[in-house]
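Shown next, in structure tokens, is the structure this report addresses.
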Amino acid sequence: MSKIIAVTMGDPAGIGPEIIIKSLAEGELSGASAVVVGCVQTMRRILALNVVPTVELKIIDKPADAVFAPGVINIIDEPLEDPQALKPGIVQAQAGDLAYRCIKKATALAMAGEVHAIATAPLNKEALHSAGHLYPGHTELLAKLTNSRDYAMVLYTDKLKVIHVSTHIALRKFLDTLNRDRVETVIEMADVFLKRVGFTHPRIAVAGVNPHAGENGLFGDEEIKIVSPSVEAMKAKGIDVYGPCPPDTVYLQAYEGQYDMVVAMYHDQGHIPLKLLGFYDGVNITAGLPFIRTSADHGTAFDIAWTGKAKPESMAISIQLAMQLA
């Protein structure tokens, strides 16, 4: 039996519904074993824009009822409170609430074994918060729903892979909370993740915090007090890890094949190089959950929502990768 992937709609006022339809209606994923969790009426409104050739929406109650065939998209309906009031490209509380409910439903299905992985379309954090769900993003929400203590965001392309020590936290607060335990945990998670996806002997680089990785304490002492001891501790456990590496060169070295993954210290340190080099094919993966979760590596793109202009490549790759890793 094929592994079933739950695909969550994300914010319905963004490009999520469109990139899901484009991903599942055409190409390699047409007829794939994926079940959408989202608002049926919103999907119908997107289909009315003729973004793809004719496709059938099959409403199901549970994944076991799905019929996987070309031209068919299976969907478990999570209705909006007022679907006709939904407007594209605008922050709306009901859209944030729907995105939350879709994640909650998909997580319950995964924890029950009814689906084997989750691929998520982007949500809008402001809309999520306006609905009363005060999470920084998907990663933290999924960790809460699954009671996962140790987790990390991975950005994944064929040529560059990055895992983050911190993500949705103010840079000033990151510097105040950085500690050896977290750095060592993320290095270990990187090693486990890479082995899970097929690397037999992963090579992991750990980026420094400061310019030139601190230049032996000239530009900060986080490398001396935290990063270097963490790297040495993980080497003692048998992990092939290097660092602290200067952040301005380590990503190029990884891109050219010297390392299999970079441990980034904070959000933009990891996101900028990966989005520069792999914006359209990058995938976001949450390491440390009890199931595989992947996501398109971009936002809701409100400026082009419901226009037919959204590119589905990152969403399609995230679904394919979820199937591969499940």
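Positions of Cβ are set from backbone N, Cα and C atoms, glycine also.
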Since Swiss-Prot lists His212, His267 for divalent metal cation, which candidate among His138, His168, His298 does it give for that site as well?
His168
Counting Cβ neighbours within 10 Å across all chains shown, tell me which of the binding-site residues His138, His168, His212, His267, Arg293 comes out on top.
Arg293
In whole Å, how far does the CA atom of His138 (substrate binding site) lie from that of His168 (divalent metal cation binding site)?
10
Any same-chain residues 6+ apart from Asn284 (substrate binding site) with CB under 8 Å of its CB? Would you list them in sequence order, or say none?
His138, Met153, Val154, Leu155, Tyr156, Thr294, Ser295, Ala296, Asp297, Ser318
